[in-house]
Amino acid sequence: MIAFRKSLYGFLYILSDSGIQLRLQSTEPKLSLFNLSVQFDRVWKTIEAFCSGRTVAMVVCWFLGNGSLIAWNSMLTIEDYYVKVFPRYHPTRVLTIVYQPFAFVTVAILAYNEAKLNTRRRNIFGYTLFFISTVLVIILDLATSGRGGIGTFIGVCVLSAAFGIADAHVQGGMVGDLALMQPEFIQSFMAGLAASGALTSALRLITKAAFEHKHDGLRKGAMLFFAVASFLELLCVLLYAYVFPKLSIVRYYRAKAASEGSKTVSADLAAAGVEVKNEQVAEEDPKRTELLTMKQLLMKNLDYALDLYLIYVLILSIFPGFLSEDTGNHALGSWYVLVLITMFNVFDLIGRYTPLIKCICIESRKGLMIAILSRFLFIPAFYFTAKKGGQGWMIMLTSVLGLTNGHLTVCVLTTAPKGYKGPEANALGNLLVAFLLGGIFSGVTLDWLWLIGKGW
């Protein structure tokens, strides 16, 4: 909705849905009816462009979120292929534990230095590394003709580490960048992350059905996977480099962040043709440009950081390792693990959209912590279901695990940055992603505890 006031010297238009204020000041004491009409038309066109830019930005954020995880999800989803090729090396667990230290250490370094970093260079580097590494997975498999062995497995582990480094660049950079904009952009980005899992799971089911009884069918399906992932990674490089920075709403928020003292957005503003004058920031009211330090942000948002840490400690202690290796044999046979992973990913995607329903979006800090701690009941639930329950109960548990994961992740990431200036929101976004990846790293380490008593 648009509310507006008309005064003798100009107009104030407030776009309440997005929180943007547009001011046009007239230097003339009186405005003719013609000039009034021209000014109104100009502002209306600006608002229309702004609103359409918002829709396009949300779509682009969705694709960028998809590209942030599709390469890694592809590697996870074809775990049945890697289990066949490398049966002695526990690839579902080893690849994850190789990936996570690189992701966590890299994002911790980047988060500590975020105020000095060029966000544009950081994100483009991350998406480009994703693209190159995904192509190299295909080349490695073709070069070895799909044969196993320790050498090939080490090569796959190196590429898994490259995915971790790329993830740290992209996920921290994008969440930080979007945190200074609108909560809907973070929600769309996080939905894209989950969509990558749902997409890869759906493709895996299709390729398994199509190639299951053909010679090298498992391998052909896996390579098709990475071909699709390579295309999407290249698309993300182009979208971020040439489309996203030029959207009017994105330019607005980045210019606003620059006026508040942010240096991380300068390159993206320059790419969009917007000049940022350093003198402009220097002339601002010192109180307006005074920013919280990283330590102050952490102390004010320690509960949010712990929320994300605990969400992902739990998830990665169960998914994908436990679901892949510790759920027993059932009527679905080789399809069982794929069905479990697919159900988790699909309901995780649904959960990323449920916070859009305001009545179930949790914004209370205490409410978030209680909901997140209560999810640790999933650990005994999965243990006893694997021992005594049927496949229907396991599928239901996995679905609820995915749904709550997506819902709570979006609730935390969209609530935490509210009320902060652009540079502070950017720093907080990077900080939260560091705790998120720290939780993942801890979770994949704890996942090995399921192997106790199994002779490994």
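Cβ atoms are placed via backbone N, Cα and C, with glycine included.
Just so you know, TrEMBL annotations never went through curation; they're auto-generated.
For reference, TrEMBL has these:
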| type | residues | note |
| --- | --- | --- |
| TRANSMEM | 55-74 | transmembrane segment |
| TRANSMEM | 94-112 | transmembrane segment |
| TRANSMEM | 124-143 | transmembrane segment |
| TRANSMEM | 149-168 | transmembrane segment |
| TRANSMEM | 189-211 | transmembrane segment |
| TRANSMEM | 223-244 | transmembrane segment |
| TRANSMEM | 304-323 | transmembrane segment |
| TRANSMEM | 335-355 | transmembrane segment |
| TRANSMEM | 367-386 | transmembrane segment |
| TRANSMEM | 392-416 | transmembrane segment |
| TRANSMEM | 428-451 | transmembrane segment |
Maximum Cβ pairs under 8 Å to the transmembrane segment (149-168) - stretch from the list 94-112, 124-143, 392-416, 428-451: 94-112
The transmembrane segment (367-386) in contact with the transmembrane segment (223-244), cutoff 8 A, at least 3 CB pairs, sep 6+: no
Closest-packing stretch to the transmembrane segment (124-143), where packing means Cβ pairs under 8 Å, from 55-74, 189-211, 223-244, 304-323: 223-244
Long-range environment of the transmembrane segment (392-416) - Cβ separation under 8 angstroms, sequence gap at least 6: 175, 179, 183, 186-187, 190-191, 194, 301, 304, 307-308, 311, 315, 318-319, 323, 327, 339-340, 343-355, 360-363, 368, 371-372, 375, 378, 381-382, 385-386, 428-429, 432, 436
Residues of the parent chain within Cβ reach of the transmembrane segment (223-244), under 8 Å, 6 or more residues beyond its termini: 56-57, 60, 63-64, 66-68, 70-71, 74, 77-78, 123-124, 127-128, 130-131, 134-135, 137-138, 141-142, 200, 203-204, 207, 250, 271
In contact by Cβ distance (the transmembrane segment (94-112), the transmembrane segment (335-355); 3 or more pairs under 8 Å): no
Spatial neighbours of the transmembrane segment (304-323) far in sequence, C-beta under 8 Å, 6+ residues away: 76, 79, 92-93, 96, 100, 298, 337, 340-341, 344, 365, 368-369, 372-373, 375-376, 378-379, 382, 386, 398, 401, 405, 408-409, 412-413, 415-416, 431-432, 435-440, 442-444, 446-450
Stretch with greatest number of CB pairs under 8 Å, the transmembrane segment (94-112) reference, 55-74, 189-211, 428-451 candidates: 428-451
Intrachain residues whose Cβ lies under 8 Å of the transmembrane segment (189-211), provided they are six or more past its termini: 61-70, 73-74, 76-78, 80, 171, 174-175, 178, 217-218, 220-222, 224-225, 228-229, 335, 338, 341-342, 344-346, 348-349, 351-353, 406, 409-410, 413
